[in-house]
Amino acid sequence: MDVYLPIANLSVNGLVIVALGMITGILSGLFGVGGGFLTTPLMIFYGIPPTVAAASASTQVTGASVSGVFAHTRRGGVDYRMGGVMVVGGIVGAGIGAILFRFFQSIGQIDVVINVLYVVMLGTIGTLMAREALQTLRPTEKGVARAAKKRRHHPLVTALPLRWRFYGSGLYISPLAPLLLGVIVGTLTMLMGVGGGFILVPAMLYILGMNANVVVGTSLFQILFVTIATTMMHALTTRAIDIVLAVLLLLGSVSGAQIGAKIARLAKPEILRLVLSIIVLLVALRMLFGLGYRPDEIFTVVGL
Amino acid sequence: MLNRALLLVLCFFALTGQRDPILVPEVSQHEVQVRQGFTGTELLLFGAILDPSGARGGRDYDIVVVLKGPTGAIRVREKERIGGMWINANTTDFRSAPSYFAVASSAPVADIVDERTAAIYEFGLGFIQLSPSGTIDPEEQLKFTEGLVDLRRRQGLFKEDMGGVKISEQVLYQARIALPSSVQTGTYTAETFAITRGRVIASAVAEVEVKKVGFERFIELFSQQQAFWYGLIAVSLSIFMGWLAGRVFAMI
């Protein structure tokens with residue numbers, strides 16, 4: 001089924017794009033991440049111009065996270081106060097990201113920057129997740145209970161001034177911590193064309209020390225609003241959102257998200273995390289290959 | 001200088017003294033419409049070579065057709081390995097690089113004309129006039145030109161087809177040239193050259209307009225002129241589809 005994309009200016013096989021959306025949708029339903037880290041590189045690999053791929057992926061992540069947010073809201077899994085603070089940070093971050101994007105584009109290094117970010121972020125997080133998942137999978141020795149965690153959140157978090165109560169997360173910390181986290185994730189969202197869930201979820205668990213029950217819901221809540229902001233930002237600045245491409249991706253991802261959520265109820269969470277970490281590491285390795293060994297193209301062309 | 005002027009004068013006499021054939025070119029489509037389901041198209045460039053006397057050409061002609069897309073200024077970047085990492089290092093600008101360039105001929109160009117003529121008429125991917133404006137070093141320029149040509153050739157935007165023109169009975173010629181779906185919109189020019197004994201003796205130009213129509217045109221304009229509403233629609237659409245999927249799957 002051939003579909004012509006009016007903004008990307010080329011025709012693609014529609015079913016391939018729907019399948020691509022489906023894969024990311026399943027990931028987002030399973031793990032509570034948007035899956036942009038997988039769609040954007042795969043679309044570029046398929047031949048879609050990088051800017052169009054990143055812009056349209058942010059639209060798709062919005063769709064994939066909506067149903068998740070509704071589902072988590074119903075069972076009280078969203079800390080709105082925490083989410084709100086992060087959204088504010090995220091929108092500021094998206095603005096910073098847009099400025100950085102322009103800057104790196106003007107000096108001609110945007111593709112290198114994106115590649116480096118992918119390798120560093122995905123490599124680090126993938127390794128951490130894989131290690132943690134393997135540790136929990138290893139049979140625990142009898143009689144030896146695991147040592148209780150000494151501290152709930154990172155010492156830097158406690159050092160920040162001003163304290164708010166976040167009831168849903170069970171925390172009494174400075175709002176500056178989630179705000180800064182939001183800014184960082186928002187910047188990456190704009191630069192990498194990802195939702196940022198794969199950074200947000202571990203950061204909320206291990207840096208902020210949030211209650212695990214509200215982590216996925218709150219992360220999806222933040223992703224939803226920040227991707228809405230990035231979509232608008234792309235519409236107004238890069239003008240690279242291809243609505244036909246976005247609809248195809250959405251068709252796959254919204255249904256994939258539902259299927260993913262069903263599978264998530266059946267599988268063991270440790271196994272799921274191990275699978276996710278393997279996927280993340282594979283993407284990172286592919287990027288590293290292009291960066292360090294042989295790039296896909298030596299010569300690239302931009303219009304003046 | 002004097003020699004060259006003399007040559008020109010000689011050429012003038014040589015060309016006009018001879019009875020030149022007439023070239024009547026035609027293109028299968030003067031307008032290519034890019035709409036939903038467009039997967040590229042194939043243009044048929046055909047025509048006839050006639051003697052002024054009305055009789056058929058009768059002599060050995062070779063035909064070269066050059067189809068060229070809209071030109072534009074571009075910047076080409078070259079990646080280099082610096083400190084174990086491939087990053088963009090050198091750049092060169094080209095002021096008039098065609099977005100599409102295809103050459104087809106009835107015989108290998110090298111057998112029809114000398115290299116100088118081939119360069120003047122851009123008979124081949126090696127002879128595209130790009131007007132570089134960055135580095136002056138010819139070696140550097142050549143490297144960038146080759147890089148650009150190689151890249152666009154693999155994208156199906158630059159092509160060379162020696163033997164792609166079929167001539168029947170020394171009168172009719174035809175060539176098929178494919179446009180991929182990723183062609184840029186704008187005015188394309190199809191130039192046809194009749195060559196005999198190493199000289200271009202007749203040429204004619206036909207134009208092809210490639211444009212987006214209908215829904216595709218509407219989307220393109222909408223995203224440019226009403227950026228805010230376009231973004232808002234994209235957002236609403238994604239929220240609606242996400243919500244709908246949730247409802248549908250809740251029922252199953």
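Keep in mind that glycine also has a Cβ here, set from the backbone N, Cα and C atoms.
For A:12-38, A:44-71, A:83-104, A:116-134, A:179-207, A:214-234, A:240-259, A:271-289, the entry in TrEMBL reads transmembrane segment.
Counted over residue pairs separated by six or more positions, the transmembrane segment (A:240-259) shares fewer than 3 Cβ pairs under 8 angstroms with the transmembrane segment (A:83-104), which leaves the two as not touching. For the transmembrane segment (A:83-104), the partner stretch with the most Cβ pairs below 8 Å, chosen from A:12-38, A:214-234, A:271-289, is A:214-234. Under the criterion of 3 or more C-beta pairs below 8 Å, with sequence separation of 6 or more, the transmembrane segment (A:44-71) and the transmembrane segment (A:179-207) qualify as touching. With Cβ pairs under 8 Å as the measure, the transmembrane segment (A:12-38) is packed most heavily against A:179-207, out of A:116-134, A:179-207, A:214-234. Taking residue pairs at least 6 apart in sequence, the transmembrane segment (A:271-289) and the transmembrane segment (A:116-134) share three or more C-beta contacts under 8 angstroms.
Residues 28, 31-37, 40, 53-55, 57-58, 61, 65, 85-98, 100-101, 113-114, 117-118, 121-122, 125, 128-129, 153-154, 157, 215-216, 218-220, 222-223, 226-227, 229-230, 233, 276, 280 of the same chain lie 6+ residues outside the transmembrane segment (A:179-207) yet bring a C-beta within less than 8 angstroms of a C-beta in it.
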